[in-house]
Amino acid sequence: MNLPNGELPTLPLLELAFSQGKTVYLPRIEPLSTNNDPPRYNGQKTCLHFLRVDSLQDALNLPPRGKYSIREPPLIANRDALPTKSPLDLIVLPGVAFTSEGGRLGHGAGYYDDFIKRYRSLHNLTPTLVGVGLPEQLLPVHNIQLEDHDEQLDYVVIADTTFCRFCK
């Protein structure tokens with residue numbers, strides 16, 4: 001689910017995924033102590049979980065919560081994507097800004113970067129990473145300084161244009 005303002009609405013993506021019978025996971029931010037997750041960077045107090053949602057109606061009925069006021073699914077252990085045996089194929093990532101080469105500037109908390117690293121270490125694979133944004137969120141490559149912990153995206157979709165990091 002997207003932020004109420006400043007991010008590309010993701011409802012059409014959810015509608016399409018459910019209509020095609022895809023398994024859909026939505027993000028939820030929780031304190032590290034919830035699942036005994038160890039901190040992976042200095043000062044980390046919370047982490048991102050992806051939890052399975054069974055229907056579009058279930059997703060629409062989720063109440064907004066947390067500092068970002070996005071609809072988050074309830075924390076139910078057997079719905080968590082991290083320990084699941086079925087690999088995730090795709091993660092759609094929001095952001096503040098993107099580049100045509102897969103750079104992404106998030107909101108500064110490192111939630112998605114951290115989740116991707118935890119997922120990769122547990123499953124020894126990385127799902128396809130797709131950033132989605134509004135036209136005004138696409139910046140020249142030199143305007144976003146990536147840090148060592150930043151995950152680069154495989155694709156960036158801005159309006160009706162798709163940028164592919166490996167498709168040169």
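The backbone N, Cα and C atoms fix where each Cβ goes, glycine too.
Keep in mind that this is a model prediction, so the values were computed, not measured.
As given in TrEMBL:
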- R104, L105, G106, H107, G108, A109, G110, Y111, Y112: ATP binding site (BINDING)
Output field, ATP shell: CB within 8 Å of site CB centroid, site R104, L105, G106, H107, G108, A109, G110, Y111, Y112 dropped:
G95, V96, D113
With a 10 Å radius around each C-beta, find which of these binding-site residues (G106, G108, G110) has the fewest other C-beta atoms nearby.
G108
Under 8 Å Cβ-Cβ from R104 (ATP binding site), six or more apart in the same chain: what's there?
L93, G95, A97, F98, G131, I144, D150, E151, Q152, L153, V156
Same-chain residues at least 6 apart in sequence whose Cβ lies under 8 Å from Y112 (ATP binding site):
L48, I91, L93, G106, E151
Secondary-structure category, per DSSP, in which G106 (ATP binding site) falls:
coil
Per DSSP, three-state class assigned to Y112 (ATP binding site):
helix
